[in-house]
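First up is the structure itself, then whatever we jot down about it.
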Amino acid sequence: MGQIQLTDLTKRFGDTVAVDDLSLDIDDEEFLVLVGPSGCGKSTTLRMLAGLETPTSGDIYIGGDHMNYRVPQNRDIAMVFQDYALYPHMTVRQNIRFGLEEEEGYTSAERDERVVEVAETLGIADLLDRKPDELSGGQQQRVALGRAIVRDPEVFLMDEPLSNLDAKLRAEMRTELQNLQDQLAVTTVYVTHNQTEAMTMADRIAVMDDGELQQVASPFECYHEPNNLFVAEFIGEPMINLVRGTRSESTFVGEHFSYPLDEDVMESVDDRDDFVLGVRPEDIEVADAAPDDAALDDHDLQMDVTVVEPHGDQNVLHLSHPDQPSADDALQAVTEGMHLVTRGDRVTVTIPPDKIHLFDAETGTAVHNRRHDQEADFTQLEQ
């Protein structure tokens with residue numbers, strides 16, 4: 001069984017705390033992605049799990065067995081790195097077979113048969129007699145995966161395996177890795193700084209910052225129900241809009257606009273007064289400018305379009321308050337690609353009250369997340 005349990009795991013390098021009291025349970029056959037900025041401790045966590053680093057304190061269990069003092073080859077894991085680390089003088093067949101050389105219980109014929117089986121699974125059976133310098137980057141990555149898969153481990157550990165590929169190949173390999181993980185039914189821990197990889201591949205995401213675990217949840221929850229400001233900012237592209245302000249009775253007051261808070265939000269704020277209001281760019285509604293401020297509803301703003309970023313299927317609009325082009329509470333909004341807006345246009349911006357997030361300005365903790373009680377928020381495929 002590939003269940004993993006990390007308990008109070010800490011790693012120090014001198015006075016630097018790389019991983020700080022991390023506890024995490026990973027289910028058998030789960031695809032968990034460790035994500036965070038450079039230096040957050042995600043790769044150090046993976047290396048401790050692999051046995052390449054020794055924890056300063058805390059415990060590691062795989063399949064219920066204590067692993068702290070086991071060498072890597074006795075942990076029933078396989079690791080794939082950012083660098084493919086293929087032997088240039090060996091063929092693809094020999095590179096994959098190398099992962100079996102130290103494994104007991106195989107005859108030579110069985111090893112050869114297993115190599116072919118893995119190569120067919122990865123779609124590289126026709127490349128078995130080529131050498132690495134005859135392969136593309138994507139093909140080399142498949143060979144590196146094959147060398148890990150051939151041993152049939154309980155756990156895959158992957159440290160940014162797609163970062164050397166171009167955008168098109170990364171997208172293809174994301175799909176291949178998901179299909180492969182489903183097919184092999186193996187527990188996978190995948191490290192990346194790329195939140196797109198995390199969102200598209202993970203069963204659950206573990207978000208780290210400064211050596212600490214910030215949130216462990218499904219991609220949906222991390223995006224729509226972030227625990228704190230860090231998760232809200234790190235997950236999502238374009239980034240969430242964040243506006244600092246204070247509460248005056250039932251109104252959020254920012255530097256350049258005020259926003260009435262409805263009863264549902266007010267139930268969450270307690271006696272706090274300083275907040276950060278958040279709204280995702282795609283949740284902002286953009287329409288033609290109202291004739292005057294009197295025509296605006298309570299949750300409407302008049303704003304100017306300062307930049308338009310066309311993406312084909314959508315446009316990313318940069319919006320500023322009139323006469324305040326560099327204000328800190330400028331916003332970004334996402335509109336449909338056929339919604340034609342040009343730089344300099346004045347528009348009416350609506351921030352729906354059921355789509356806002358509210359964070360404690362001092363601690364960064366989420367006080368209120370957007371609601372999901374409307375059927376329009378969800379589309380479910382018929383079974």
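The backbone N, Cα and C atoms fix where each Cβ goes, glycine too.
Positions annotated as ATP binding site by Swiss-Prot: Gly36, Pro37, Ser38, Gly39, Cys40, Gly41, Lys42, Ser43. Counting every protein chain shown, 24 other Cβ atoms lie within 10 Å of the Cβ of Cys40 (ATP binding site). Secondary structure at Cys40 (ATP binding site), as computed by DSSP, is coil.
Per Swiss-Prot, the feature domain 'ABC transporter' maps to 4-235; the stated evidence is sequence analysis.
Same-chain neighbours of the ATP site beyond Gly36, Pro37, Ser38, Gly39, Cys40, Gly41, Lys42, Ser43, judged by a C-beta within 8 angstroms of the site's C-beta center, are, in sequence order, His193, Met208, Asp209. For the binding-site residues Gly36, Pro37, Gly41, the largest tally of other C-beta atoms within 10 A is found at Gly36.
Around Ser38 (ATP binding site), a 10 Å sphere centred on its CB holds 7 further CB atoms from the protein chains shown. In this structure, Gly39 is the one among the binding-site residues Gly39, Lys42, Ser43 with the smallest number of other Cβ atoms inside 10 Å of its Cβ.
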